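These features come from TrEMBL:
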type	residues	note
TRANSMEM	A:6-25	transmembrane segment
TRANSMEM	A:77-95	transmembrane segment
TRANSMEM	A:116-133	transmembrane segment
TRANSMEM	A:153-170	transmembrane segment
TRANSMEM	A:182-200	transmembrane segment
TRANSMEM	A:247-269	transmembrane segment
TRANSMEM	A:281-302	transmembrane segment
TRANSMEM	A:402-426	transmembrane segment
TRANSMEM	A:447-467	transmembrane segment
TRANSMEM	A:473-493	transmembrane segment
TRANSMEM	A:505-524	transmembrane segment
TRANSMEM	A:544-568	transmembrane segment
């Protein structure tokens, strides 16, 4: 059967499941819509958090980043998992005990300040909107690549599917579709990795295979990889980094940012008890780790596969001839995977020295220049988009067409599940924290539910439009979303629970100073409001203050927030008695009840 | 009420101690073993590389999972001991 139809069947079947779940899990009240009625089992919630959390970036891009950076990009692995320790111990159980619907609502109540709540709403919307644009753009790419439809058309299809289950079912519909999406994405990610690991090391578990012996050469896989790439002038895969301060701060920013992202936090409001919120954090990390322990294996193995494909006779011999890639067909008559991807433009080959062979090496390494010249090489002739590593895995491992269909469905599941979670966070902030709290406090439950559905629909339309026409700053999502969550939301939430002394003025000024400090540092290097050419300093390591990259500044912003909040609170009146009692009450699990409004 | 608030204070202290201990390990495996102390662990070979690399790409994640489950289990016990658990 044609690959196109196989992909269509897999993607179509997965969409039918999501819509089926939506019809089954229709939301009847605001409690259903915002927190799935508060009756989700911790393991179910863990799987839903896994899908909510693992976006197109985790599914498609992360392995490629690690493959390119080796050890230095371990920051993503630690940063995007370590935040769950903070969540499970410092935020989730107490916010669950508080028992309200949204993150800004806690900040508004705890700091008895509508201004603090408004700052939180703005932070939430900016962080979530930038994040959701990336998801929609990712879904568009997956559509256009696997289903050969125009990416705008693909986006509209995706938006309609999300619309059905998110607008109808709210958090309830989203939770159960996320569980289904988790299953699709983890199976899709794992199957090709298992076959590649078996082929290279004989070990069926990729996470273990990565640290075992490379069957063909008899040396450990990572040692083999180090040797092959250093032979061609690249940095050693496992090489240590010099700028440890930046590595620490970047990891810390990702961790604090993860813990402060509202679309993850609100998932903890859906479980029945405080104890369940703690367990949920553990289960979420188990489900996330199933992918995150495989990702570094995919990264190292795919990198080695590319090298050995191009240098079949070893790095000392000449690389493969392009004609061989172009004409080679396997026993099923499939084209070589490199040719397959060269057609899409994501792999490129330019025969600079005209010998018909594919020289791929590090032509930016001055120490390797002499050897390259001696071998008659005139620059590296091969390049690949690092996002293809995961998508091309089934072809690299020579797996049947249905695995490719599964990868297509998995990539879309990752993008759509995260998009739905973000859209819910945005729409509940609008309907609950703006409309219900500021504009029309007398609104009925039915009226608020309608408002929530309309905000969700509007958010989907805006996200789809921005996904189809991504603004220039979309690529900066990591810096922006994590910077804002780390520097503004996380410290305010944590201090609200662990300190009775931090008051309304302290918290508001703390959030604002953390936020402004972080944004200014990012804008200085990335351009003001990300407008190209408006940056004050070039974004290169020599210009960074103390070698701290703008991507790593969120952790420093969090410190600024903490410091300002404590100092200002000390100088102003302590919070009223009833607020101190509120802090006291969120610390003790008894009497949580289900999440409610008042 | 005074007996209750005394207990409540001890309950919160027990929670803070447990969190502090967990976060020390959290920081040690990630910022310690995987980044700052990696050169010190360079002598310990793991599958073609060193222990620090393993902690950076897998060991820290596995430790994080163990930490959260341990915290949940201990905290639920502490909840019961102080009688603040939910029925």
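Numbering starts at 1 and runs along the chain as displayed.
Cβ coordinates are placed from backbone N, Cα and C, and glycine is handled just like the others.
Those TrEMBL annotations? Automatic predictions, nothing curated.
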How about the transmembrane segment (A:505-524) and the transmembrane segment (A:544-568): do they have 3 or more C-beta pairs under 8 A, pairs 6 or more apart in sequence?
yes
Go through the chain and flag residues at least 6 beyond the ends of the transmembrane segment (A:182-200) whose CB is under 8 A from any CB in it; none is fine as an answer.
14, 47-48, 50-51, 54, 59, 206, 209-210, 214-216, 221, 287, 290-291, 294, 297-298, 301-302, 304-305, 390, 393-394, 396-397, 399, 403, 406-407, 409-411, 413-414, 417
Mind pulling out the one from A:6-25, A:116-133, A:153-170, A:247-269, A:281-302 with the most Cβ pairs under 8 angstroms to the transmembrane segment (A:402-426)?
A:6-25
Taking the transmembrane segment (A:544-568) as reference, which of A:116-133, A:153-170, A:247-269, A:281-302, A:447-467 has the most Cβ pairs under 8 angstroms?
A:247-269
Tertiary contacts of the transmembrane segment (A:247-269) (same chain, 6+ residues out, Cβ under 8 Å):
34-35, 38, 45, 48-49, 52-53, 72, 75-76, 78-80, 82-87, 90-92, 95-96, 99-103, 124, 127-128, 131, 171, 175, 241, 277, 280-281, 418, 421-422, 424-425, 428-429, 481-483, 485-486, 488-490, 493, 548-549, 551-556, 558, 595
Long-range Cβ neighbours of the transmembrane segment (A:6-25) (under 8 Å; 6 or more residues past either end):
146-147, 161, 164-165, 168-169, 172-173, 175-177, 180-181, 184, 401-402, 404-406, 408-409, 412-413, 416
Looking at the stretches A:153-170, A:281-302, A:447-467, which one shares the most CB pairs under 8 Å with the transmembrane segment (A:116-133)?
A:447-467
